[in-house]
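Student: What follows is a structure written as structure tokens; I'll ask about it next.
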Amino acid sequence: MTPAEIVSELKKHIIGQEKAKRAVAVALRNRWRRRQVAEPLRQEITPKNILMIGPTGVGKTEIARRLAKLAEAPFIKVEVTKFTEVGYVGRDVDSIVRDLIEIAVKQTRESEMHKVRTKAEDFAEERILDILLPTPRTPSVNVSHETAAEPENPETDIKVKSDKEENATRQTFRKRLREGKLNDKEIDLDLESSAATMDIMGPAGMEEMTEQIRSMLSSMGSGRKTRRKVSIKEAMKLLTDEEAAKMLNDDDIKSQAVQSVEQNGIVFLDEIDKIASRSEASGAEVSRQGVQRDLLPLVEGTTVGTKYGMVKTDHILFIACGAFHLSKPSDLIPELQGRFPIRVELDSLSVEDFEAILNGTDASLVKQYQALLETDGVKLNFVKDGIRRLAEIAFSVNEKTENIGARRLYTVIEKLLEEVAFVAGSQGEQHVKIDAAYVDAALNDVAKNEDLSRYIL
């Protein structure tokens, strides 16, 4: 996808923030551009990491979530506050890469299984037909030289006739199976039992060793088969997955996953402002600086050991974001600042932005609530002035209290539809017109009360 196409897709779900959309679109496109460059120079081209700065609720995390769906690449979103420096209780930053490679292995396996699914479905179909039409056992016939010399053999004629009848019956069942007429019929199926999962409590920072022990113990119970009674529809799915898995080469999947992470991996570091050390450093600030120092080699480029092999992070794209209310980007250690050359500031949301979020995206809040309540026979009709009034109230509450951005709309609209949602389903079909007067009547307390503590998320 070109940057313009990526921005166009993001616009379907995210209002405003054009600078941030353009920055991530160019960064995503640069992954493809780098792959087109000849090999000697390709290794020298490193991704330009992005730092997104903006208040809460303006779309930073949503951009990451939508980018993950657009990018056909391994993608992971982590909160840096969950990590501690090496030697302290908690997860170390290397686990980011280990989690990313797990995602890549899963993606690669699903992609490879999709390629062989048609062939796997054919094998699964044959196995189901074998269960429905088991081959009859025929007694062995000892043929002497004298009998073999005879031109006509009654036993052979009977066997040929039986094979023709069996093939005709099999084709009839195959046709009914493909038409779905046998979906509800139950059959006994022998399936490879999945290994029992074992919970192992390991020391902090030793997740890799713990995972290896768990895998070793789990593999000891694999290979066994269990018999289950399932419908043919479910059996088709189970057998297709089993046959597809047999066609895959685990070693190839692992090597492809490692290659995919090294060349196309994207890591989204959320809440990075929470580990920025302010000028008045205290004991807690030391640990925050330690996490920054541990992140530095990961962002610069290092090699991390995983159970799938060594993974280089030189060409992984890092996108960091934070509100930076109590700290500034300059509070990060200088080395880490230098590794995020592209900085994008996201704007606070206006009344017009709130209005567009309510009704201007493909999966807007208005459309969500309309679809949700329509299942109970309630038809919501949001009038334009009603939507405008909702946006004004949400903006006003944010101004008077804590500004939580677009998340405030959830609070306001839940309060607005509180009574309607409660009685829905018990009073038959309803038609509710939501205009400015309806909004004012339902949210009068929210609009006038200066405290508003009840409505703060």
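One-based numbering along the chain as shown.
In case you wondered, yes, glycine gets a Cβ from its N, Cα and C as well.
Automated prediction, rather than curation, is the source of TrEMBL annotations.
Got these off TrEMBL a minute ago, pasting:
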type	residues	note
BINDING	Ile15, Gly57, Val58, Gly59, Lys60, Thr61, Glu62, Asp270, Glu335, Arg407	ATP binding site
COMPBIAS	156-168	compositional bias 'Basic and acidic residues'
REGION	136-173	region 'Disordered'
Student: Taking the residues Ile15, Gly57, Val58, Gly59, Lys60, Thr61, Glu62, Asp270, Glu335, Arg407 listed for ATP, what is the greatest CA to CA distance in Å, to the nearest whole number?
Tutor: 34
Student: If you count the other Cβ atoms within 10 Å of each Cβ, which of the binding-site residues Ile15, Val58 comes out on top?
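Tutor: By the 10 Å Cβ neighbour count, Val58 comes out on top.
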Student: So how many other Cβ atoms are close to Glu62 (ATP binding site), meaning within 10 Å of its Cβ?
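Tutor: Counting Cβ neighbours of Glu62 (ATP binding site) within 10 Å gives 16.
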Student: Is it possible to get the count of other C-beta atoms within 10 angstroms of the C-beta of Glu335 (ATP binding site)?
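Tutor: Here the count is 14.
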Student: My understanding is the cutoff is Cβ-Cβ under 8 Å with a sequence separation of 6 or more in the same chain; which residues meet that for Lys60 (ATP binding site)?
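Tutor: Expected: Ala20, Met52, Gly54, Asp270, Cys321, Leu346.
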